[in-house]
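This report concerns only the one structure given below.
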């Protein structure tokens, strides 16, 4: 049923490499690569290097350098990605604090760094030091009162608007591809699609700068997703320095898979999670060799970030926690409830965000991206400032929500009523009744939760770099912390209930609200992205909470089940479909009973297939055919009568070969006969010089019969990364199926608009 010749790596496909001409084997923008062909080219290249290496010492050294080039690229990606992530972290820290005040001793210090260097700071008032001045103190010399509050409020809004305006202007003018999270496009590129400029140097530079600006502006977005895009830009830059990767799009995608792992590694300080994220979420083709290289790139990136030490705590991660109590079986019930909440939030967010993004695409709203960013930033800043939980950066908020209440904590969330007779070691404080601060914090968190849920829907997808990991985790952490405090107070006041009797005695430290925040964060992130394995690993690497794997797993699986009940797509797949990228998702199942003959072109009533004959067409005939059609390639047959298939010629290579022949070979004119056979056809004596084009012919194109089930065809396209597949019956050509036809057919079968597949 399937042509086995195509599996063997297209033996004769690359015989034109013996006499190559420029640009052959490259692809045009918004086209899909041919994975089989790229694989075969790499095999040929490798064979040539191996045979040459035995000729001389110099060739042997060159073969060693070629073998090591992959590891060198990984090293360079890890170093650059780690450095950029460290710089972004430090810059965000400083610019976020700049909205509230400035350090007098050195304006480039953040609030924390400023107070570190001060000799007058006490432990109790560690956030207050004379060297750090709020804008009201600096401008009108007042630190308290209504006028000081209003002035600080205005300065906060002005800085936020300035940062956001700068970011959206830079993106619009210099690098339109630097907007969004980048992960949907990275997934599409890794599946074999070409988007030129998406991973370019300008995109890298602008995305790095604007990422700092938008995160500092206080908008409800994170830097984690865009860091994957930044790391892939680094990967693309370094792979262009080595011909092994720059001339082979398939090999380049192996490097980009590893770069994505390095991106997550530095975003969360989670190298293993990064490798699993690349494997589970973004990669399309992930051989074992890429797994090792991803591991190495993630290691180097994490090591580089650790050397820069942006958080000043000698740790890779911002959210390191140490809980002193184990979890109990009865707590699985609230953990699963948080999983349900995460799944529901994921569904709400995906539906709301996609509806808003579709509205942006189809109405006049999309014509004013700068105005949209300014309005959303103004609304965010105005509503966020009065509430201490939305005013601070989202990362700091999550960090505080994850924290356990120790004896030295000054947070409102730790304002419990202490027992004066308490004589216990400092790190094992028993459960206590909640004080006024905790109740204040609870309603402030509830308001912050509602605000975050609504504003994130409108923020993600604007024309600025925007990640989704941190806002999703913040929503879950707020919900989780509130549930945790609720369970803790219930256990304290009703420790004689049958649920608590076995594990919660009076005076014991039973419930850790911070753990609930951590589980809630994992549940909400899982609900939005539908990650499971990589999510749990990222969460325990992120927090160091190794013994809490079971609660995290329970919440992640529950949130995926609940979210999948409402729709199988995660946010990235939803955005891929919204933008019409030609992405065949490995996770999708095709269960309809259609055949190849139902999908192939031409259909009944359509003009016949455009084909080339092996030895009867002139150069002018072929040039006219190319001019009048926009197909990516043409099947080559023996003659129009027999329709016996010989091979397949790519459009771009035909154009290049004819152009090259006209320049280099004498006697090639418009009425020269073109032939694809080994021997030239017999021609009259006075006819012009014929043109042999066998070297651009793929002699083993992938073929299926007209009765092949579409389920099999979809599987072939998915697993082999084909661009097109020819349909034959007993060796006679009947039609062609392209990747776009497959996607259209799948959309039609799912009752969606088949024309939503916009690109070639």
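Just so you know, glycine gets a Cβ as well, placed from its N, Cα and C.
Whatever TrEMBL says is automated annotation, not expert-curated.
Looking at the stretches 352-369, 370-387, 388-405, 406-423, the one that TrEMBL records under the feature transmembrane segment is 370-387. Range 68-92 is the one annotated as transmembrane segment, of 43-67, 68-92, 93-117 (source: TrEMBL). Beyond the ends of the transmembrane segment (153-175), by six or more residues, the same chain brings 95, 98-100, 135, 200, 202-203, 205-207, 209-210, 213-214, 216-219, 369-370, 373-374, 377-378, 380-382, 385, 391, 462-465 to within a C-beta distance below 8 angstroms of the stretch. Listed by sequence, the residues of this chain that lie at least six past the ends of the transmembrane segment (255-279) yet keep a Cβ under 8 A from its Cβ atoms are 70, 73-74, 77-78, 81-82, 84-86, 186, 189-190, 199, 223-225, 227-232, 234-236, 238-239, 245, 285-286, 290-291, 293-302, 304-306, 315-318, 469, 531, 533-534, 537-538, 541-542. Against the transmembrane segment (227-243), stretch 68-92 shows more Cβ pairs under 8 Å than any other of 68-92, 370-387, 441-461, 468-487, 515-540. Segment contact is absent for the transmembrane segment (328-350) and the transmembrane segment (68-92), given fewer than three CB pairs below 8 angstroms at sequence separation of 6 or more.
Averaged across the domain 'CBS' (600-666), pLDDT for the predicted model comes to 89. The recorded stretches the transmembrane segment (370-387) and the transmembrane segment (441-461) share 3+ CB pairs below 8 A when only pairs 6 or more apart in sequence are counted, and are therefore in contact. Only residues 6 or more beyond the boundaries of the transmembrane segment (468-487), in the same chain, are considered here, and those with a CB under 8 A from a CB of the stretch are 181, 220-225, 267-268, 331, 334, 337-338, 341-342, 345-346, 349, 389, 394-395, 397-398, 401-402, 413, 434, 438, 442, 445-446, 448-449, 452-453, 456, 459-460, 511-525, 527-529, 571. Counting only same-chain residues 6+ beyond the ends of the transmembrane segment (515-540), those with a CB under 8 A from a CB of the stretch are 264, 268, 270, 272-274, 276-277, 279-281, 321, 323, 327, 334-335, 338-339, 341-347, 349-350, 398, 401-402, 468-469, 472-481, 483-484, 487, 546, 548-549, 551-553, 555-560, 562-564, 569-572. Listed by sequence, the residues of this chain that lie at least six past the ends of the transmembrane segment (441-461) yet keep a Cβ under 8 A from its Cβ atoms are 180-181, 219-221, 345, 348-349, 352-353, 356-357, 360, 376, 379-380, 383-384, 387-390, 397, 411-413, 415, 468, 471-472, 474-475, 478-479, 481-482, 485, 571, 575.
Per DSSP, the domain 'CBS' (600-666) is made up of 24 helix, 17 strand, 26 coil.
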